[in-house]
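Input: a single structure, listed below in structure tokens.
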Amino acid sequence: MFCADQSSREGRLVPPNYDTIVELLKLGSKAMLVILGLGSMEMRKLQLKKEKHTWSVQVLNELFREDKLYKYESSEISGGSRPKLRSAFSDSDAINQLGGSGKGEPAFTSKLEKPETPLLMAARNGITEIMEKILHDFPHAIHDIDTHKKNVVLLAVQYRQPHVYQFLLKKRKKNEELDRIFLQVDDHGNSARHLAAATIGDYKPWRIPGAALQLQWEIKWYKYVKNSMPQNFFRRLNDRSETPKEIFNKSHQELVRSGGAWLTNTSQSCSVVAALIATVAFATSANVPGGNAEKTGTPVFENQIAFKVFAISSLVALCFSITSVIMFLAILTSRYEAKDFREDLPTKVLLGLTSLFVSIAAILLCFCAGHFFVLSDELKFAAFPLYGVTCLPVTFFAIAQFPLYIDLIKATLATVPQRRYAVVTTERDTNSSPKSDDLNQPSSRKSLQDQGNGGQPSTKQSTGDKTTPNQETNQGTQSIT
């Protein structure tokens, strides 16, 4: 009793004296996986990830110890003014590396774009450890902006970095003066809500499969950013007089079509199976095993346990199969609007699949219970293994559909979407750059290409390879029209 009270106070799942047994079971399971060859590769992958993470932190600490990433332009602070920070990678440094002096060359310097600061790179790539280190040593670096006036909040929202955004929200709770970084707009008047409404090309950032679930998490991300804005936030239009809702509807049309097609095919297939189960379950309710007594009309085997199992499972199969049919018919008759993918359609799919699985299990149990009367006298104990073999096809079907079921539960219950943290190659960056054309931002390809080059700007871009005004106008015209 004392162990149970202590474990409940400490929030433990088992009492302390059970720890040894639990650890032995974990060790035994790992040993079995290694012996069978199933867990050796996974353990090796986890070890490599842990080593990379440890080494990255060590490299970060060495970089901060050897060379400061930020420098003060002036060592004197007067009148409570905020000290100006400049990155160690500045325009003049880049010019000197290319052989120029940085003086008397206005034509050359006008074409040189200022690279992102390390804090902005970390925010764009979702590396909160680097951000914590930089902001701990240089708190005012949180006001850094890039050439398109995007700060850490805008970059975290645009590139779907929930961990970075939550980290910034925690800092805002501690310091209310940081509300203004959430009110920042870029050089085209796009706020965080506008950037949250735009897509990232063909790249799917969320850790969930399927177009319908991707769209659901896109909606949740947009709502999460919208609800986390300060109360005095009122900007609704960008420079092109577009609201975030208009941008979202236009940029997610392909996801809506793909998600609607997947839901239609899934609902049609599952509704056919559910209708067949409902037909069989209704037929079994009228044809009970052993028949009815002539005088009373009651079932002959009504007092046997197998008959009670038969009756209950038949009723359960009928109820849940009809529920499944209704859910899938409701999906088929839906309007498939973007807002329906947030909760309405995924919840119906989840309820429909749950009802379908329950009805399949119930109709199998009903069959086994009814068939038990045939073999009860001769093969009473041999019938159970036979019934187990009969259930194998359904078991395989359930195992095949179980990942989809888990994804539906995770996508429906998750409040904040989980991002997919994968190694992004240069080729992917080129093909799946954010649809910033929708927001008149021709620099998206540049920033993603820098990401593929390890965070350093390419030489071609450093020598002034910028989008001309005419090209920029054409990109903006091609975006949402």
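The backbone N, Cα and C atoms fix where each Cβ goes, and this holds for glycine too.
Straight from TrEMBL, the features:
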type     : residues : note
COMPBIAS : 426-438  : compositional bias 'Basic and acidic residues'
COMPBIAS : 439-481  : compositional bias 'Polar residues'
DOMAIN   : 262-373  : domain 'PGG'
REGION   : 424-481  : region 'Disordered'
TRANSMEM : 309-332  : transmembrane segment
TRANSMEM : 353-374  : transmembrane segment
TRANSMEM : 386-406  : transmembrane segment
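Within the same chain, residues 270, 273-274, 277-278, 280-281, 284, 289-290, 301, 306-307, 309-310, 313-314, 316-318, 320-321, 323-324, 327, 383, 387, 390-391, 394, 397-398, 401, 404-405, 408 sit at least 6 positions outside the transmembrane segment (353-374) and bring their C-beta atoms closer than 8 Å to a C-beta of that stretch. Secondary structure of the domain 'PGG' (262-373), assigned with DSSP and counted as helix (H, G, I), strand (E, B) and coil, comes to 87 helix, 2 strand, 23 coil. Note on the domain 'PGG' (262-373): its mean pLDDT in the predicted model is 85.
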